[in-house]
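Taken from TrEMBL as is:
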type	residues	note
BINDING	A:63, A:65, A:143, A:213	Zn(2+) 1 binding site
ACT_SITE	A:67	active site, proton acceptor
BINDING	A:67, A:68, A:213, A:271	Zn(2+) 2 binding site
DOMAIN	A:204-272	domain 'Metallo-beta-lactamase'
């Protein structure tokens, strides 16, 4: 299977603790890196996770609270020092454009690469980026300020060649790419061998959904149904529901309920409030509703 | 002796490594905290060093390279979330004022405390702040952009009371403060006991000098002579002198030479280039010139 991995760089919430960095994650799809949120320390954490700066071309910012974006200027600044030349694409709520521009103008004069800003309409579910490997959609969330999640939908890979059939019909190597791309084969005696006899279907495309920060939104099911992995914030225990509602955050039980109702394969919870010394309580609460839940943790790598 | 301590929060240079945070330090004088530089992650490192946010009222920024100031907006933002009400005083090169203002306007609306900005003239040696415990002076440095160091000069404490003499003359407790402040004592029979017989001189005031980032400047001796502790950058080994000169940084040998020539009591070197995996080489080089040298390290506490 082609690589599709999530690395957690930070999974704390707004207040710093000795346990967590601020929010940031990196998706690795076929050795291309996509960053989601960029809290303070994200660049340091990329180093610690041995993720190559040069493979990162896209950064997606969910919302403009500092614990989700204060690390970006440092990351860009470092790219400049390292002599980067490839453009960096920043996708974020529109209001981030001017402030990013003024930071760049002040701290990053003379960069050898462009920082291209793409405003994201956080109120809609829409395609915001695609390339050969992946389509990335926004997921409208509800928080104290405008905010969206992101859905990473892997693109189908080409079917697998059936080695035995290639040998049997003595099909030359140079034709294999055509067959992968759907061509039938005609033997020397004129017999047509249909493509499906020469190939096996590729692995089904996988998906990853990121939902943070948000209050509990049961309607997210429509966007994240059957995702292979859902990362959802679980800032609070359900006993602190009032506080969760007040601050537009989600409890562990609510995150697990959404995961169950959306029939996702696996749930990873994070964005832990500084108030919980023992985060296993959050895990237990979520697992009581949806067993395949794990706790986010700095530098954790999850294969999707 | 009254408390006078330095805590290193980060001692790396501009490029992130797995070993170091960006530059930041905290001076604790009699339980008041003063931050020098505020690289990314400074707030996290304050937590790890168990330094109380509420005791920090002054931040001094040496220069406006990102690795010395990108952590400030996150720190201020956290102070806001924690309900701080006391003003925070930021001392930095004048150009920082407007950019800090625009970051505050965007990310920290409705703070319950004032952030007061004091421009520092980095070209002069001048008093930039004083209170009951300390006088803080700028030290003009030479770097690629305008930059200054800081000299923390402890104020003299009151003399120690000689308990035996107080008992001997049966001086009432309520007079002790007056005597500490220099008053003589007259006995019932009219004999004058001069103050110096009732007290012992206080501990000599201590000083700490911070010099980073800068090329080697032998003339700094005039500002830092006989300091109890000198923190000086030693970004490079002397074998990389050409690179040090090109980038306006100092080698370990140069930092140690300055320490020796200034007759400081102790030297702490830091701001290590990412190129050296083994920093003990920097230490050895410095110690060959000035023996009482130590290496900075994250969360290291040095009593002055």
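Cβ coordinates are placed from backbone N, Cα and C, and glycine is handled just like the others.
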Practice task
Starting from the Cβ of residue A:68 (Zn(2+) 2 binding site), draw a 10 Å sphere and report how many other Cβ atoms land inside it.
Solution key: 28
Practice task
Using Cβ-Cβ distances, find the residues under 8 Å from residue A:67 (active site, proton acceptor) that belong to the same chain and are at least 6 apart in sequence, listing them in sequence order.
Solution key: A:12, A:13, A:14, A:22, A:23, A:39, A:40
Problem - Zn(2+) 1 site shell beyond A:63, A:65, A:143, A:213, criterion: Cβ within 8 Å of Cβ centroid - result: A:62, A:64, A:68, A:141, A:144, A:145, A:147, A:212, A:214, A:248
Problem - Confidence summary (mean pLDDT) of the domain 'Metallo-beta-lactamase' (A:204-272) - result: 98
Exercise for the section: List the same-chain residues at least 6 positions away in sequence whose Cβ sits under 8 Å from the Cβ of residue A:213 (Zn(2+) 1 binding site), in sequence order, or say none. Expected result: A:62, A:63, A:65, A:68, A:141, A:143, A:147, A:233, A:235, A:248, A:249, A:271
Completion exercise
DSSP says residue A:68 (Zn(2+) 2 binding site), in three-state terms, is helix
Completion exercise
Here the binding-site residues are A:63, A:65, A:271; the one whose Cβ sees the most other Cβ atoms within 10 Å is A:271
Practice task
On the DSSP side of things, how many residues of the domain 'Metallo-beta-lactamase' (A:204-272) fall into helix, strand and coil, could you say?
Solution key: 26 helix, 17 strand, 26 coil
Completion exercise
residue A:143 (Zn(2+) 1 binding site), DSSP three-state class -> coil
Handout entry: Shell of the Zn(2+) 2 site beyond A:67, A:68, A:213, A:271, same chain only (C-beta within 8 angstroms of their C-beta centre)
Key = A:13, A:14, A:22, A:23, A:37, A:39, A:62, A:63, A:65, A:212, A:233
